[in-house]
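Scroll down for the structure; my scribbles are underneath it.
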Amino acid sequence: MSRPTSAPGLPGSVCACEDPGVTLTNPRSGTTGAHRGARRSGIGPAVAVLVLVTVGALIPLLGPAPALDGTGEDPAPGTGGIALLRTVLFAALAVPVGELFVRRLVRSVPGAPPLLPRSWSTVANSVGFAAALALASVVATGNLVPSGLADIDVGGLYSTRDGKLALLEVNGFLAAALCAASARPGTQVWPLAAVVVAEALRAHPTTEYSPLLGSGLTLVHLTCASMWVGGLVYTLRTIARWRISEAGSALLGLYARVAAVLLAALTATGIGSSLRRMPPETIMEQLTGTAYGRVLLAKVLLMAGVAALALWARIRLARAADPLSACSPARAEVFVLGLVVAVSGLLTALPVPIRW
């Protein structure tokens, strides 16, 4: 058995027993720290995603009980399941919206490589369709969890406002999935816009105080949130696909500038929506004494963490020797945003505070 040889005269070549991935025909190329990170095993990220999905599912499923504890409020039937479906729907909406947003940003990146990550829009829209269909079945049974197909009154969906909006969301996701799979995926923006409008109207029934104002705030809030969450995911995927630091840092910088505006819009609409449902003189009491207020407070704390991570990423992007080192806090931001989406899904299923 011959001893492995090395060729000291060839730069980057080492003994084969030291690194089986490096040979005389495959010398190690010089890479930055960010690029070396891209070579690490995918086990770590896969485990992180699995943990995020698990925690994201447990928050809406198990969250109602501790949120309602001691408030004297009664949960609606199937609150945990409905909250989980809302979480899935919001996440499914963010993916295609974010992809459309970032693909538009890519056009402004000088020297951007033509290769882009594979789109997840078709799968995400299909998942959104399934979640919207399940939520529509709840509406079809009078906002009760159906125990069988016989309990679902499909025809009744056409006779109520909530039913029509539920059908609009179902059809919107279906149309978006078909558009995403077609030769012109950009056309999915229109059915996705219909889904956002339907969700904004659904969140504010006509019996509510100034429902159109509330729907307008929710429309802006949901649009900005989808662009931020989905856009950050696709931006990081694009940077990993390109493996070019100059184009990647330019894209991340473009996204960061728009994200600052999105954060301002999210903050303004979030405060406006909260003040509508919890007047200033009662907001402190309701933040701790109602289930809605407690979950809203948790969402605010998570958003503060997201803002801190976004600021950290922006500072590293501007000052670090390797701008792509900003991807590390940006990845952490994605996971915290995933928790925000789960908390938002739970928030929509809890009883709204009484306006005194």
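Just so you know, the numbers here start at 1 and follow the chain as drawn.
For all residues, glycine too, the Cβ spot is worked out from N, Cα and C.
What you see is a predicted model, and the numbers here were worked out from it, not measured in a lab.
The feature domain 'Copper resistance protein D' is assigned by TrEMBL to 250-347. Residues annotated as transmembrane segment in TrEMBL: 43-63, 83-102, 123-145, 212-236, 248-271, 291-313, 334-354.
Outside the transmembrane segment (212-236), and at least 6 residues removed from its termini, the chain residues within Cβ reach (under 8 Å) are 90-91, 93-99, 101-103, 105, 117, 196-197, 199-201, 203-204, 251-252, 255, 258-259, 262-263, 265-266, 269-270, 272-273, 276, 327, 330-331, 333-334, 337-338, 340-341, 344. Averaged over the domain 'Copper resistance protein D' (250-347), the predicted model reaches a pLDDT of 92. Most Cβ pairs under 8 A with the transmembrane segment (123-145) among the ranges 83-102, 291-313, 334-354 are made by 83-102. Panel annotation: around the transmembrane segment (43-63), residues 80-81, 83-84, 86-87, 91, 295, 335, 338-339, 341-343, 345-346, 349 of the same chain, lying at least six beyond its termini, place a Cβ under 8 Å from a Cβ of the stretch.
Outside the transmembrane segment (291-313) by six or more residues, the chain places 63-64, 67-68, 71, 73, 252, 256, 259, 263, 266, 270, 274, 277-278, 283, 326-330, 332-333, 336-337, 339-340, 343-344, 346-347, 350-353 with a CB less than 8 A from a CB of the stretch. Counting residues 6+ beyond its ends, the transmembrane segment (248-271) has Cβ neighbours under 8 Å at 101-102, 105-106, 108-110, 112, 217-218, 220-221, 224-225, 227-228, 231-232, 235, 238-239, 242, 300, 303, 307, 310, 313-314, 317, 323-324, 326-327, 330 in the same chain.
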